[in-house]
Amino acid sequence: MSKLNGTIFMPPVLTLIGIPGLESVQFWIGIPFCAMYIIALFGNSLLLVIIKSERSLHEPMYLFLAMLGVTDIALSTCILPKMLGIFWFHLPDIYFDACLFQMWLIHTFQSIESGILLAMALDRYVAICDPLRHASIFTHKLLTQIGVGVTLRAALLVAPCLILIKCRLKHFRTTVVSHSYCEHMAIVKLAAEDIRVNKIYGLFVAFTILGFDIIFITLSYIRIFITVFNLPQREARLKAFNTCIAHICVFLEFYLLGFFSFFTHRFGFHIPPYIHILLSNLYLLVPPLLNPIVYGVKTKQIRDRVSKVFHSKDSS
């Protein structure tokens, strides 16, 4: 690592400081974060086992839920082990290339989750607005294509963020990252060079993926609500609406947290840094924690199967 005019040329190692301003209490913050991670792992793993073992759940809605569970496990596992290493064991250093890889994984899994939420909204749209064609449209082949498509879309659109940092930014003012994980803008802001291209491409990816998905999810639900409220029987309206409640909760939780974190990080100049970092951490940890709980509580088939699993353990 060489220094020139006060800048550092291609640093091999970066230092993650955790939550700036709260370093003295990071040990205690790590305890609820660890509990959230363990609950998220258990809840999503249980959901995957139930969906795999119960043939009646091998339907598009539940298979998309299984994809969401795998993504949630992967996303939380990308950040928690290193974060707890910083909070509990004072291991802040991370290789520059490993930091870029973590950044790519985090933003890729975030984008995959957004794509799966869009697919789930389209599934509910077809199931409610055109139920006779639902089985012929959402075949297992289409589900596989959707899974591959959202994964490739995320991986390929996020990859240039990594490449632009690696190829364009050579000189850095510091190697200290004011964050608890490797986030795109947190790394870009370390550079002593022009970062406009990196910032513009980061915004392009955010609005291309999240913006596109939110627009189509919103349009799907507007059409769903119109169809539901036009149903003649109150029982039919409640039944149709009930199939969407869990997805609406997950949709709001994911995007409201995401946009609040996104805009405070870029435009909330008067908000203390620790608020930015805590919001970013919660954005990545809360959805994996809540998703299996929301679907477990609001979906009767899953709720019944979970009850059956625990009752059989008690009886044995």
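Every residue, even glycine, has its Cβ placed from backbone N, Cα and C.
Per TrEMBL, domain 'G-protein coupled receptors family 1 profile' is recorded for 43-295. Residues or ranges marked as transmembrane segment by TrEMBL: 27-50, 62-89, 101-122, 142-165, 200-222, 243-263, 275-297.
Where the transmembrane segment (101-122) meets the stretches 27-50, 142-165, 243-263, 275-297, the count of C-beta pairs under 8 angstroms peaks at 142-165.
Note on the transmembrane segment (243-263): residues 61, 68, 110, 113-114, 117, 120-121, 124, 127-128, 206, 210, 214, 217, 221, 224, 276, 279-280, 282-283, 286-287, 290-291, 294-295, 297-299 of its chain, located 6 or more positions outside it, place their CB under 8 angstroms from a CB of the stretch.
Within the chain, the transmembrane segment (275-297) has long-range Cβ neighbours (under 8 A, six or more residues past its boundaries) at 18-20, 33, 36-37, 39-40, 43-44, 46-47, 65, 68-69, 72-73, 75-76, 79-80, 83, 106, 110, 113, 178-181, 183, 246, 249-250, 253-254, 257-258, 260-261, 264-265, 268, 303, 306.
Cβ atoms under 8 Å from those of the transmembrane segment (142-165) belong to residues 60, 63-64, 67, 100-101, 103-104, 107-112, 115-116, 118-119, 184, 187-188, 197-198, 201-202, 205, 208-209 of the same chain, restricted to positions at least 6 beyond its ends. The average pLDDT for the domain 'G-protein coupled receptors family 1 profile' (43-295) in the predicted structure is 91.
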